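Engineer: Starting off with a structure, shown below.
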Amino acid sequence: MELIQCIDEMQSIAQAARANGKRIALVPTMGYLHQGHASLMVEGQKRADLLVASIFVNPTQFGVGEDFDSYPRDMENDMRIAEAAGVDLIFAPRAADMYPADYQTYVNVEELTLPLCGANRPGHFRGVTTVVAKFFNIVSPHVALFGQKDYQQLAVIRQMVADLNMPVEVIGMPIVREADGLAMSSRNSYLSPAERVSALCLSNSLNAVRTAFCKGERSVAALKNLVLDMISKERCAAIDYVEFRHGLNLAAVDTADEQTVVALAVKIGKTRLIDNRVLGEE
């Protein structure tokens, strides 16, 4: 496995691979890898001849007062996990190369970025789509893999790819959870032991909603109250949003069906966690 930091070098490798008829898969990450990331890499290996994982804590998707400076970083461990998962190249560019002093071009998906995480994180998705578009141009992947834990992000990237006619197949992969149900996240490392227990209110409330839905409840108001009641019992939990949305276009819904996605953002102590559940999926 190689570590590439130079953009020009990465582009040259990708162009040569394509010229030789190789399929390229890309797994974009911000590092501090866990088994959720590894699952994307294992799937990427099945779908391509050259598997590239990017590791880049992207400054343009963090807002003022967010955790860019404190975001966990561990390149040595990341390289171990990536290599074990079958990654051929790690692309870890420097921020100064990705965004030089005279940088002024951004990609913005308009409507899908307004609700959910976009409502309280202005500019976040503009940063996400810009860096992903840059990675697509640099790595030239045939396929790119993203986790469904960031459900809105996946929808936004799919919209960007469709709107801009990017020749990339975007694959969404299921959420990988800890044994007790907590969705794997690099930010879980911020949690104290007590907060780690409290954080289970996210997955537990999603499971409760799924159970109620399977028993016939279709009222979004009733299902939402179930989530709110469960999370509000945790003293260190502060709800950012609890939303029921159409699974494809993220439009708000009043009546739940199998395509409805329940999306949560909750602060546990100082740590903002997200999770989601599509009601029609096991």
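These residue numbers are counts, starting from 1, taken along the chain as shown.
Using the three backbone atoms N, Cα and C, a Cβ is placed for every residue, glycine included.
Straight from Swiss-Prot, here's the annotation block:
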type: BINDING; residues: 30-37, 147-150, V176, 184-187; note: ATP binding site
type: ACT_SITE; residues: H37; note: active site, proton donor
type: BINDING; residues: Q61, Q153; note: (R)-pantoate binding site
type: BINDING; residues: Q61; note: beta-alanine binding site
Engineer: Pick out which of the binding-site residues L33, V176 has the most other Cβ atoms within 10 Å of its own Cβ.
Structural biologist: L33
Engineer: Return the residue, from the listed binding-site residues Q61, Q148, Q153, S186, with the maximum count of other C-beta atoms within 10 angstroms of its C-beta.
Structural biologist: Q153
Engineer: Give me the Cα-Cα distance between G36 (ATP binding site) and Q61 ((R)-pantoate binding site), rounded to a whole Å.
Structural biologist: 21
Engineer: Just to be sure I understand: of Q61, Q148, Q153, V176, which binding-site residues have a C-alpha no more than 10 angstroms from the C-alpha of H37 (active site, proton donor)?
Structural biologist: V176
Engineer: Please tell me which one of the binding-site residues listed here (M30, L33, V176, S186) sits closest to Q61 ((R)-pantoate binding site), measuring Cα to Cα?
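Structural biologist: Smallest Cα separation from Q61 ((R)-pantoate binding site) among M30, L33, V176, S186: M30.
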Engineer: Can you grab the distance from S186 (ATP binding site) over to Q153 ((R)-pantoate binding site)? Cα atoms, rounded to a whole Å.
Structural biologist: 16
Engineer: At a 10 A cut-off on CB-CB distances, which of the recorded positions M30, G36, H37 has the highest count?
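Structural biologist: Of the recorded positions M30, G36, H37, the highest Cβ count within 10 Å belongs to H37.
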Engineer: Can you tell me how far the Cα of M30 (ATP binding site) sits from the Cα of Q153 ((R)-pantoate binding site), in Å?
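Structural biologist: Roughly 14 Å, rounded to the nearest whole number.
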